[in-house]
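Feature list (source: Swiss-Prot):
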type	residues	note
BINDING	30-37, 57-61, 75-78, 142-145, 174-176	GTP binding site
BINDING	Ser37, Thr59	Mg(2+) binding site
DOMAIN	22-195	domain 'EngB-type G'
Amino acid sequence: MEVNHVELVMSAVDPAQYPTTGYPEIALVGRSNVGKSSLTNVLINRNSYARTSSQPGKTQTLNFYNVEDQLYFVDVPGYGYAKVSKTEREKWGQMIETYLTQRDQLRGVISLVDARHAPTEDDIQMYRWLAYYELPTLIVATKSDKIARGKWNQAVSQIKKSLELPNTDNIVMFSAPKKMGKDAVWNWIEAQAFGGE
């Protein structure tokens with residue numbers, strides 16, 4: 001998709017605040033600091049539209065980005081950040097669950113994991129939860145440029161084993177600085193958002 005116009009239209013905490021335009025939505029989930037904002041910026045051809053932060057736990061709302069008046073990217077609060085209080089984590093969890101299970105416009109979820117490490121327990125729980133609710137999910141392994149290309153197969157195998165992924169499921173190796181994996185992610189987004197049209 002050619003992207004020239006992007007707008008952050010809403011930061012929501014409950015369904016009453018969600019946009020009402022009816023465009024298909026793609027949610028981005030992952031633990032704090034895994035690179036959701038960096039992925040968003042690469043996908044929309046901006047350097048710093050979605051704010052990247054070295055401070056985990058920064059996103060505390062569902063941020064709806066209108067892309068070309070055709071779809072929304074929904075940046076979901078990062079999970080697994082220890083310094084956030086238990087009450088705060090539970091509140092985020094409820095907000096995220098409400099959105100992911102009740103939003104009719106949701107067409108798919110991009111679940112981000114760090115290519116350099118085995119998926120965390122939080123990553124595994126999130127993937128199982130998405131699978132339980134039968135939400136179409138693409139696994140994107142971020143920060144792939146930080147590991148030698150010769151070790152990619154090993155990284156993919158580790159992710160598939162930890163998440164118990166079927167062999168048919170693809171994992172996109174992604175690097176924000178090199179914009180590597182961008183086309184593969186967009187192909188999946190377009191198939192999910194507009195495939196039935």
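These residue numbers are counts, starting from 1, taken along the chain as shown.
Yeah, the Cβs are placed from backbone N, Cα and C, and that goes for glycine too.
On a Cα basis, Gly30 (GTP binding site) lies 11 Å away from Ser37 (Mg(2+) binding site). Cβ contacts within 10 Å of Gly30 (GTP binding site), excluding its own Cβ and spanning all protein chains shown: 25. According to DSSP, Pro77 (GTP binding site) sits in a coil region rather than a helix or strand. Take the CB of Asn33 (GTP binding site) and look out to 10 A: across all protein chains shown you find 20 other CB atoms. Other Cβ atoms within 10 Å of the Cβ of Phe174 (GTP binding site), summed over all protein chains shown, number 25.
Put plainly, the binding-site residues Ser37, Thr61 were compared by Cβ crowding within 10 Å, and the winner is Ser37.
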